[in-house]
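Here's the structure, in structure tokens; my notes come after.
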Amino acid sequence: MAASLRLRGAASGLRFWSRRQRPAAASLAVVCSRSMASKTPVGFVGLGNMGNPMAKNLMKHGYPLIIYDVFPDACKEFQDAGEQVVSSPADVAEKADRIITMLPTSMNAIEAYSGENGILKKVKKGSLLIDSSTIDPAFTKELAKEVEKMGAVFMDAPVSGGVGAARSGNLTFMVGGVEDEFAAAQELLACMGSNVVYCGAVGTGQAAKICNNMLLAISMIGTAEAMNLGIRLGLDPKLLAKILNMSSGRCWSSDTYNPVPGVMDGVPSANNYQGGFGTTLMAKDLGLAQDSATSTKSPILLGSQAHQIYRMMCARGYSKKDFSSVFQFLREEENI
């Protein structure tokens with residue numbers, strides 16, 4: 001099994017480990033003040049849009065970090081703040097017995113764990129490995145078996161809340177794994193999130209995340225369609241958003257992450273859809289939902305349609321924009 005995991009992971013390469021939009025460089029001197037006596041180092045692999053602020057929140061709570069990212073520039077501000085940077089995931093495992101990974105795809109996660117320089121090459125018995133990536137639940141279960149063979153513990157803990165919640169430490173973690181190990185995982189995850197929910201056996205965290213993101217994609221498309229229709233009927237977008245948010249159509253996509261430029265501040269639609277959660281990643285998550293629906297014979301009529309829309313957006317130049325750019329896509333696609 002390990003060989004097959006390595007083969008599939010190697011096919012993807014490492015180029016997508018970090019979500020490429022980077023926060024502006026800033027000194028971490030303030031956030032890395034800590035009580036060293038009571039904190040042991042935590043390994044962190046993957047310092048992209050989500051991983052970067054998550055790692056910073058661990059620092060704020062006093063945890064020294066052993067870090068790795070396939071792009072060295074992603075590690076620089078942490079190194080400048082005194083954190084230890086190593087040259088591979090295996091080196092992280094050699095130096096830390098608690099490791100968090102935050103990677104974009106199933107293949108990237110498999111490579112990080114089972115690759116030539118992966119975590120399992122040097123993992124220590126009794127280590128706790130927490131994967132916060134959103135990946136295929138089947139791959140998660142395979143990884144867990146490989147980790148168990150090495151005498152370590154694997155838990156899946158994907159997140160919801162986006163970059164804003166990652167920065168503020170208000171993520172929701174959906175955790176799957178051995179229940180007796182949940183308290184140990186919760187100690188770390190609570191430093192990065194306001195909700196840490198135990199879902200069941202390994203893979204159930206991923207299952208919950210896939211369902212959540214499918215609903216999010218559907219609601220974002222619905223919000224974009226409703227806003228576009230209202231604007232074309234002559235309604236002011238801010239007024240329409242206000243009405244929706246005091247009525248039965250209200251949802252997270254309308255009241256917290258509105259896709260229409262000028263309606264809200266501090267969201268990607270106010271910044272030409274830069275940052276946030278990329279369209280490519282949403283298409284990937286919807287693909288995972290589609291695969292899971294096929295394997296369980298579950299009808300997902302709207303989920304399948306959402307998948308096709310986001311795949312179409314990727315093909316039309318929206319791949320690097322936030323997924324709320326579906327509003328802009330609808331505005332431009334008169335004949336969709």
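Cβ coordinates are placed from backbone N, Cα and C, and glycine is handled just like the others.
A TrEMBL annotation is a machine prediction, not a hand-curated record.
Taken straight from TrEMBL:
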type     : residues                         : note
BINDING  : 40-68, 103-104, N108, T134, K284 : NAD(+) binding site
DOMAIN   : 42-200                           : domain '6-phosphogluconate dehydrogenase NADP-binding'
DOMAIN   : 203-329                          : domain '3-hydroxyisobutyrate dehydrogenase-like NAD-binding'
ACT_SITE : K209                             : active site
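Of all the binding-site residues listed (V45, M50, A55, L65), L65 has the fewest other CB atoms within 10 A of its CB. Along the domain '3-hydroxyisobutyrate dehydrogenase-like NAD-binding' (203-329), the predicted structure has mean pLDDT 97. All protein chains shown were included, and the count of other CB atoms within 10 Å of the CB of P104 (NAD(+) binding site) stands at 24. Scoring each of the recorded positions (K60, K209) by how many neighbouring Cβ atoms lie within 10 Å, the top position goes to K209.
Around T40 (NAD(+) binding site), the C-beta neighbours below 8 angstroms that are at least 6 residues distant in the chain are Y63, P64, D97, R98.
Comparing Cα positions, the residue listed as 'active site' lies closest to A55 out of the binding-site residues A55, K60, L65.
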